[in-house]
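Visitor: Feature list, courtesy of TrEMBL:
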DOMAIN    66-164  domain 'HTH araC/xylS-type'
Amino acid sequence: MVYGGSRVAEGSGEINAFACTEMGECNESEMLRSAQQETFLLRLLSQLPGYRQKTNAKLSVEERLCLALSWIECHWQSRVEWTTLAERYSLTLRTFQRRFKQRTGMTPQQYLIALRLRYARFLMQQDVLSLRDIAEYCHFYDASHLSNCLKQQALTSTSRVYRDSSRPTLPSRRR
């Protein structure tokens with residue numbers, strides 16, 4: 001897409017591909033972070049007066065997908081009906097799922113779970129809420145579901161997250 005004479009990356013995640021090329025092979029966490037950065041950039045652009053005028057015209061599939069990504073990031077605590085979300089941005093469910101995976105490297109459901117897990121990890125490290133409360137707040141079925149998702153995606157356990165967050169950090173020694 002072009003804004004003010006300068007080219008802004010679009011397509012099937014050019015920024016994601018660039019970030020992964022620069023960092024080497026990406027894991028899901030890096031892909032999620034990269035997709036969030038790209039979405040943030042598009043949100044900033046949408047605040048510019050000239051860019052806003054373009055949103056009144058017909059949006060490209062890529063732009064509609066970015067809006068859907070923004071919606072997911074703002075509503076990660078909600079129950080998401082993927083068909084309804086795809087329709088909201090004038091995409092078929094299949095196109096939405098396929099383009100979403102091309103852009104982020106994850107299915108929409110995997111992306112949503114990754115967002116929820118990121119916040120759950122943050123809450124666990126604060127060591128204020130119980131695992132059951134964190135699971136409920138982050139929209140997991142129960143503490144066991146949260147624990148299983150954490151093990152599947154992050155290859156770690158809830159006890160390790162709690163243990164690592166409570167471990168005091170020592171200053172590094174320089175020789």
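FYI, residue positions are counted from 1 along the chain as it appears here.
Cβ atoms are placed via backbone N, Cα and C, with glycine included.
TrEMBL does not curate its annotations; it predicts them automatically.
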Visitor: DSSP on the domain 'HTH araC/xylS-type' (66-164): how many residues come out helix, how many strand, how many coil?
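Guide: Result for the domain 'HTH araC/xylS-type' (66-164), in helix, strand, coil order: 73 helix, 0 strand, 26 coil.
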Visitor: Mind looking up the mean pLDDT for the domain 'HTH araC/xylS-type' (66-164) in the predicted model?
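Guide: That region's mean pLDDT is 88.
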